[in-house]
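Asks: Quick one: the structure is below, and I'll ask about it shortly.
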Amino acid sequence: MAKLLSCVLGPRLYKIYRERDSERAPASVPETPTAVTAPHSSSWDTYYQPRALEKHADSILALASVFWSISYYSSPFAFFYLYRKGYLSLSKVVPFSHYAGTLLLLLAGVACLRGIGRWTNPQYRQFITILEATHRNQSSENKRQLANYNFDFRSWPVDFHWEEPSSRKESRGGPSRRGVALLRPEPLHRGTADTLLNRVKKLPCQITSYLVAHTLGRRMLYPGSVYLLQKALMPVLLQGQARLVEECNGRRAKLLACDGNEIDTMFVDRRGTAQPQGQKLVICCEGNAGFYEVGCISTPLEAGYSVLGWNHPGFAGSTGVPFPQNEANAMDVVVQFAIHRLGFQPQDIIIYAWSIGGFTATWAAMSYPDVSAVILDASFDDLVPLALKVMPDSWRGLVTRTVRQHLNLNNAEQLCRYLGPVLLIRRTKDEIITTTVPEDIMSNRGNDLLLKLLQHRYPRVMAEEGLQVVRQWLEASSQLEEASIYSRWEVEEDWCLSVLRSYQAEHGPDFPWSVGEDMSADGRRQLALFLARKHLHNFEATHCTPLPAQNFQMPWHL
């Protein structure tokens, strides 16, 4: 009876992975209640085959879930319509509640029938036995056997806790349950006395900004968190997970962040290969509709690196909602997991981000300054210009206030706090992070990210002459035109390197540098072009084109 109840309340099972011979438990290991035997690919098909009763019951419950999601998103309009028609009176609401209660009882009955279907299936019974054994005893053997299954991630046991590193428990300066530290925007009206009257005047605007950010704004910024989109992508995500586990020997893990969100991660270890880059770990930060199952993780994988992918809060197996604070909390526990559980030193970690993932990547670089390098692909400097691009001009004040208070993705500000090597990849046909049209390459916000970084690190070089010549170089529409500008100013790379190395040897590596202070205008132009070319590479593609492995290069450093 207990097993039947477990089948009724248990998670949905999607797939049974093929188990490699090298990973199977030795035959001499005795079978115990906490060490059950996982299925081999020779005995069962790798796709879980539900019985007819479970299959049809699952379809009914999935359909009900979709209808509930549609009702949730359309509830404001439905409420307004029912109110106008007078259907919200007590005489109408009471019968409706009876109908709703009857429907819930029917769905509960369907769930029980699904449980009976699972109970009659030996595949599911063996899975639920392994799952229960792992929750009782998280031994390495139980975890290894549980990893052979792909199921609803909410039931996966937590593998790593944000407080697990001993240094976190002893230090008061680490993150609290309120979250890690973020750079906060300055007040919009500096110098104004923050009296009670001013607070009352601002209250309607603050409430409006909050409602916009938590309804339309967050879903526009992170469409991957919308349940209906995830439901449509589920088959693709399952295929991507199967590829990572079966072909790349990936290991899935659940991390608990300081805000209570559970973060879904996938680790592919290449340290045992002959490739030297396998000793380096690339932590991948996906875009606003990207998942590690099908996202930018494929680029460093193809290049031979060890890779750690993770999903934003609210994406696929990760819980929560993707606001900046939650994003930073998630990135923090991912980096801690890489250092304290996977055993990588910060000097062996590379942060790689695509598009909106640049926020968490730059936060990690700012918060963990010893990481080896940062690579930002198709990213931007600040969210406000891109948000203003897609909203009516009359909403400018509301949009700016909402972004600054609730959705402040200040990539450039965070990146300038990092002292290590940086590479920016600009897509020359990008249709997402341009503020006008894709053909207008100067409206690509990657340009502004580069300029802000160089102006912070080399303010004397990026004075008037240097800034002007870098803008000309950024405006070049082809590699031939870029080379023409570079050769026009007769950039001597050996001279530039010697100047920079001499300055570093004398003054140290900390930015900003005053190099170029006593230099001629032509010298500053040469240095500015040299530095721009070293920090930014062009990729002739649109925003969502996968980056080829040959374009995944380590950033330049002295």
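Every residue gets a Cβ built from N, Cα and C, even glycine.
Residues or ranges marked as transmembrane segment in Swiss-Prot: 60-80, 93-113. The topological domain 'Cytoplasmic' annotation in Swiss-Prot covers 114-558. Annotation comment: Swiss-Prot describes 281-407 as domain 'AB hydrolase-1', evidence class sequence analysis. Here Swiss-Prot flags Ser355, Asp430, His507 as active site, charge relay system.
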Asks: Take the C-alpha atoms of Asp430 (active site, charge relay system) and His507 (active site, charge relay system) and report the distance between them in angstrom, rounded.
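Replies: Distance (Cα to Cα, whole Å): 39 Å.
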Asks: Averaged over the whole of the topological domain 'Cytoplasmic' (114-558), what is the pLDDT?
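Replies: So the average pLDDT across the topological domain 'Cytoplasmic' (114-558) works out to 94.
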Asks: Within the same chain, where does the transmembrane segment (60-80) have neighbours whose Cβ lies under 8 angstroms from its own Cβ atoms, ignoring anything closer than 6 residues to its ends? I mean 6 or more beyond.
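Replies: For the transmembrane segment (60-80), the far contacts come to 88, 107, 110-111, 114, 227-228, 231.
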Asks: Tally the residues of the domain 'AB hydrolase-1' (281-407) by DSSP class, grouping H, G and I as helix, E and B as strand, and everything else as coil.
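Replies: So the counts come to 60 helix, 21 strand, 46 coil.
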Asks: From the Cα of Ser355 (active site, charge relay system) across to the Cα of His507 (active site, charge relay system), what is the distance in angstrom?
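Replies: A Cα-Cα distance of 35 Å.
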Asks: Secondary structure at His507 (active site, charge relay system) (DSSP, helix/strand/coil)?
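Replies: Note: His507 (active site, charge relay system) is helical by DSSP.
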Asks: Minimum Cβ neighbour count within 10 Å among the active-site residues Ser355, Asp430, His507: which residue?
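Replies: Result for the active-site residues Ser355, Asp430, His507: minimum number of other Cβ atoms within 10 Å at His507.
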